[in-house]
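Peer 1: First, the structure itself, so that you have it in front of you.
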Amino acid sequence: MALAHTLGFPRIGRDRELKKAQEAFWKGELDEAGLRAVGRQLRAAHWQVQKDAGIQLLPVGDFAWYDQVLTHSLTFGVIPERFRAHGEAGPTLHTLFGMARGVSDDSCCGGAHAQEMTKWFDTNYHYLVPEFSADQQFQLSWEQLFEEVDEARALGHQVKPVLIGPLTYLWLGKGKGAEFDRLDLLDRLLPLYGQILRRLAGQGVEWVQIDEPILVLDLPQAWKNAFERAYNLLQSEPLKKLVATYFGGLEDNLGLAANLPVDGLHIDLVRAPEQYPSILDRLPAYKVVSLGLVNGRNVWRCDLEKALEVVRHARERLGERLWVAPSCSLLHSPVDLEREDGLDAELKSWLAFAVQKCREVAVLARAATEPEAAEVLAALEESRAVQASRASSPRIHKPAVQARLAAIKASDAQRRSPFAERIARQRAGLDLPAFPTTTIGSFPQTSSIRLARQSFKQGKLSEAEYIEAMHSEIRHAVQIQEQLGLDVLVHGEAERNDMVEYFAEQLDGYVFTRFGWVQSYGSRCVKPAVIYGDLSRPRAMTVEWIRYAQSLTDKVMKGMLTGPVTMLMWSFPREDVSREVQARQLALAIRDEVVDLEAAGIRIVQIDEAAFREGLPLRRNAWPHYLEWATEAFRLCASGVRDETQIHTHMCYSEFNDVIESIAAMDADVITIETSRSDMELLEAFEQFDYPNEIGPGVYDIHSPRVPSREEIVALLRKAARRIPAERLWVNPDCGLKTRAWPETEAALVNMVAAARELRGDLARG
């Protein structure tokens with residue numbers, strides 16, 4: 001049979017045991033021995049569950065105390081000086097967690113800010129960015145991989161250690177201090193890979209998996225050349241090497257990847273099925289080919305019959321050189337569907353989490369040589385039934401939604417008048433001062449708010465009691481905003497647990513799991529909603545809350561919604577229709593809410609698109625299509641209102657230059673953005689492009705409890721006014737205030753309002 005393996009398995013545990021142990025350790029409630037014991041138990045359980053599912057070659061090194069890239073940084077001794085404790089022989093778990101979370105001023109190292117965290121390719125997982133210096137030295141400093149190999153082998157498992165490849169590791173990092181080329185570090189780093197491979201060989205390992213996902217990116221020629229050089233140098237080291245690529249197709253890097261002097265290549269045939277024939281044609285006859293046929297980053301069952309066609313063909317071509325795997329590490333999948341005892345039976349039958357995906361991989365591998373095995377035939381029959389159910393289910397396919405999609409006209413995604421005409425009407429109707437002040441939407445989520453929501457869900461509060469509790473919070477938020485002198489108010493979002501989940505719970509076509517947790521970073525786990533069918537809004541979602549808030553004040557109240565692209569990006573999407581179609585369905589549902597808010601007397605509606613840039617494909621040549629449908633989806637949800645109704649959007653990225661034209665194409669009347677940490681430098685993109693609409697650059701960082709002074713905010717606003725005409729500037733924080741406490745929130749907003757008034761004085765004096 002073909003060999004069944006996985007590239008990695010979720011590390012958090014079926015019941016998020018790792019999260020609970022991490023947080024107990026950080027609070028001092030669990031000692032290091034206790035934390036390490038939890039890690040051992042989880043690793044043993046995860047290896048065994050994969051083995052029981054039919055996986056023959058088990059990954060080791062996919063477990064991490066916080067993040068796999070951070071683990072590699074410790075392994076290679078890439079530890080910034082601020083985290084080095086004087087007198088310690090080497091890094092400890094305290095070092096690791098300090099790099100991830102920062103170190104307080106009273107620790108042994110003194111205060112040290114955490115390393116930067118960013119998205120792992122185009123997933124919703126985040127990694128800790130390695131910090132390199134021009135004189136960076138590498139040395140083996142962390143024994144975790146070798147200890148875990150011994151651990152797994154002692155349990156009788158056949159193992160495949162997992163390493164992030166040298167080129168990908170350098171690509172993921174950033175240079176600190178004097179400018180230098182990270183590739184200059186390669187010759188210093190490669191000897192460590194040699195040491196690691198030799199030590200693993202000494203432990204009895206036969207195969208090692210070397211992850212090089214940057215091979216699916218647009219690589220500069222220097223990096224392509226470096227691949228050949230690096231793997232030529234590693235060729236002489238012991239062990240068979242499987243280079244793993246995922247999250248996309250190799251495209252122009254296909255020849256490079258196929259000809260690397262290694263023993264096998266893993267390719268993602270979920271994201272890029274079209275690369276399969278070319279790989280088989282280009283790969284040397286001695287190499288193993290690992291086919292990623294089961295989606296490692298979604299929750300749907302594999303169409304086994306369709307996948308088996310590829311397996312049969314590959315078996316004929318490759319014989320014993322065929323391996324079968326998920327498309328990528330199962331880190332991005334929830335752990336075990338069996339925990340979901342509350343899910344509707346039909347819906348549950350369509351799903352597969354990590355454990356179930358392992359079984360699918362094993363069935364496909366066995367089917368390569370034993371197509372008539374009872375287990376294979378039963379699995380194929382079950383898969384056919386699932387695919388037939390999904391193809392015909394009226395729960396998925398809704399004629400009314402499809403008819404509405406088909407009826408969309410180009411004019412539906414355009415405001416009635418150009419911005420210049422709209423803004424004149426809006427200014428006349430809203431009658432706001434120069435430098436109008438507002439917030440991004442949410443106010444502090446106190447323990448009393450969370451308790452009220454929890455009690456309502458558990459049936460301990462009646463609906464009337466819950467509504468009154470939320471009304472009380474809204475009254476409090478409105479009263480404080482009026483006292484502070486803000487110009488455009490918000491209701492505070494007390495009723496919302498999450499900016500996606502709140503809306504998804506009220507839309508047809510979404511379902512929620514109880515245990516579908518995936519790791520976002522460290523101990524933070526998220527439970528994305530699942531889009532299973534055509535999406536529609538059965539009733540208004542926010543109107544009553546906003547209408548109540550508006551009834552409390554004569555000032556302008558802003559409605560708050562989450563945009564279609566963000567809803568899509570932070571959910572598990574369908575696989576049977578495109579992301580573009582799902583975004584349009586969401587846009588129509590949100591459009592109805594925007595229109596209803598306008599009818600309720602709400603004159604400003606904010607539609608947040610926090611994930612707009614996150615949706616960009618990994619390859620630049622795919623950007624135009626994505627940006628076209630993503631901007632159209634925003635305009636579709638925002639364009640059903642009169643010119644007098646002002647549409648805001650909020651984005652929180654650190655880079656706008658390469659998408660500024662698309663942001664302008666969204667045609668929001670006002671965009672609020674995160675700029676305080678860049679000292680307003682991000683506004684350069686809007687200045688150079690001559691962005692035509694109004695802008696609210698964030699004037700203070702909400703991620704810090706620190707209260708900015710009036711003088712600081714004034715300085716930032718004056719800097720902004722040198723780039724953007726004063727009449728087009730709004731004044732607001734960087735982001736929502738959900739995670740802050742009320743005292744610091746009020747203190748910061750007092751200074752923000754005072755700063756805006758000072759700028760108005762400047763303007764009046766000319």
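For all residues, glycine too, the Cβ spot is worked out from N, Cα and C.
What Swiss-Prot records for this protein is below:
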ACT_SITE  His703  active site, proton donor
BINDING   Arg16, Glu17, Leu18, Lys19, Lys119, Arg524, Cys525, Trp570, Glu614  5-methyltetrahydropteroyltri-L-glutamate binding site
BINDING   Ile440, Gly441, Ser442, Glu493, Asp608  L-methionine binding site
BINDING   Ile440, Gly441, Ser442, Glu493, Asp608  L-homocysteine binding site
BINDING   His650, Cys652, Glu674, Cys735  Zn(2+) binding site
Peer 1: Where does Ser442 (L-methionine binding site) sit by DSSP, helix, strand or coil?
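Peer 2: SS state of Ser442 (L-methionine binding site) = strand.
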Peer 1: Please give the maximum pairwise Cα distance, in Å and rounded to a whole number, for the L-methionine-binding set Ile440, Gly441, Ser442, Glu493, Asp608.
Peer 2: 13
Peer 1: Reported as an integer number of Å, what is the Cα distance between Glu674 (Zn(2+) binding site) and Ile440 (L-methionine binding site)?
Peer 2: 10
Peer 1: Would you mind checking how many other C-beta atoms are within 10 angstroms of the C-beta on Arg16 (5-methyltetrahydropteroyltri-L-glutamate binding site)?
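Peer 2: By my count, 17.
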Peer 1: Looking only at C-alpha atoms, tell me how far Asp608 (L-methionine binding site) is from Arg16 (5-methyltetrahydropteroyltri-L-glutamate binding site), rounded to the nearest Å.
Peer 2: 30
Peer 1: Relative to the Cβ position of Cys735 (Zn(2+) binding site), how many further Cβ atoms are located within 10 Å?
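Peer 2: There are 26 such Cβ atoms around Cys735 (Zn(2+) binding site).
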Peer 1: What three-state class does DSSP give Arg16 (5-methyltetrahydropteroyltri-L-glutamate binding site)?
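Peer 2: Once the DSSP labels are grouped into three classes, Arg16 (5-methyltetrahydropteroyltri-L-glutamate binding site) ends up as coil.
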Peer 1: Quick check: of the binding-site residues listed here (Ser442, His650, Cys652, Cys735), which one has the Cα closest to that of Lys119 (5-methyltetrahydropteroyltri-L-glutamate binding site)?
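Peer 2: Checking each of Ser442, His650, Cys652, Cys735 against Lys119 (5-methyltetrahydropteroyltri-L-glutamate binding site), the shortest Cα distance is to Cys652.
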Peer 1: What Cα-Cα separation, expressed in whole Å, is found between Ser442 (L-methionine binding site) and His650 (Zn(2+) binding site)?
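Peer 2: On Cα coordinates alone, these residues lie 12 Å apart.
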Peer 1: Pop the Cα-Cα gap between Cys525 (5-methyltetrahydropteroyltri-L-glutamate binding site) and Glu493 (L-methionine binding site) into the table, whole Å please.
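Peer 2: Cα of Glu493 (L-methionine binding site) to Cα of Cys525 (5-methyltetrahydropteroyltri-L-glutamate binding site) measures 22 Å after rounding.
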